Amino acid sequence: MASRLSLLVLLATTCCCAIASDPSLLQDFCVADKMSQVSVNGFTCKDAKEVVAEDFFFSGLHVAANTSNKQGSGVTAANVMQIPGLNTMGVSMVRIDYAPKGQNPPHTHPRATEILAVLEGSLYVGFVTSNPDNTLISKVLNKGDVFVFPKGLLHFQYNYGTENAIALAALSSQNPGVITIANTVFGSEPSISDGILAKAFQVDKKTVNCIQAQF
């Protein structure tokens, strides 16, 4: 009986470990075939005989993004959509440009942890832990500093300085996804009921409607 129980525990542990992370590569690479009509979790593989150097290349992180918007920031992504060779590799990058007083507003990456390095300027950054504590963990970063945002947690960056700021970030997914909180809550299509949002944020419907009109 004890041996049978031990076997069941071993099997349960093995299964949990097996589904707790992305599977390892079974080949050298799997360049994304974006023309394929086959639907899979990610992209199907391009014929290895048709793979070229350009499948692993992207040029653009040296160019500043447009920050002339309401948030005063711009993101240049280098993920599987720009670099097909990242398919199944579990990694991507972004460059983020911030105007003075610009911010990368509160958002989450549902599929990735992020590690961010400041290249120019200074940033006030932070993330908030999950319920029930909702603790803000924040810090001011200067040129050369690095900060980590855990997978799935709400986080932000704000350029409180008078000069432009630049950051480079790596993410642990070929397609980390992004959920910008304000856009998601107040700008969804169709809209979330103003009654639901009024109760959630403890404000009246008029306030909710006013915010929704901004999105």
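Each residue's number is its place along the chain shown, starting with 1.
Backbone N, Cα and C atoms are what each Cβ position is placed from, and that goes for glycine too.
Curation does not apply to TrEMBL; its annotations are automatic.
TrEMBL lists Asn104, His109, Glu114 with the feature oxalate binding site. Residues or ranges marked as Mn(2+) binding site by TrEMBL: His107, His109, Glu114, His155. Taken from TrEMBL, the feature disulfide bond covers Cys30-Cys45. Annotated domain 'Cupin type-1' per TrEMBL: 59-209, in sequence order. Residues or ranges marked as signal peptide in TrEMBL: 1-20.
Mapped onto this structure are the features recorded in TrEMBL.
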residue : record               : contacts (Cβ under 8 Å, 6+ apart)
Cys30   : disulfide bond       : Phe43, Cys45, Lys46, Asn87, Thr88
Asn104  : oxalate binding site : Gln71, Ser73, Val75, Ile96, Tyr98, Phe156, Gln157, Tyr158
His107  : Mn(2+) binding site  : Leu154, His155, Phe156, Val178, Ile179, Thr180, Ile181
His109  : oxalate binding site : Phe149, Lys151, Gly152, Leu171, Ser173, Pro176, Gly177, Val178, Ile179
Glu114  : oxalate binding site : Val148, Phe149, His155, Ala169, Ala170, Leu171, Ser172, Pro176
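Sorting the recorded positions Cys45, His155 by the number of other Cβ atoms within 10 Å puts His155 first. Within 8 A of the CB centroid of the oxalate site residues Asn104, His109, Glu114, the other residues of that chain are Val94, His107, Thr108, Ala112, Leu116, Phe149, His155, Ala169, Leu171, Pro176, Val178. Confidence over the domain 'Cupin type-1' (59-209), given as mean pLDDT on the 0 to 100 scale, stands at 97.
Those same-chain residues not listed among His107, His109, Glu114, His155 yet with C-beta within 8 angstroms of the centroid of the Mn(2+) site C-beta atoms are Thr108, Ala112, Phe127, Phe149, Leu153, Leu154, Pro176, Val178.
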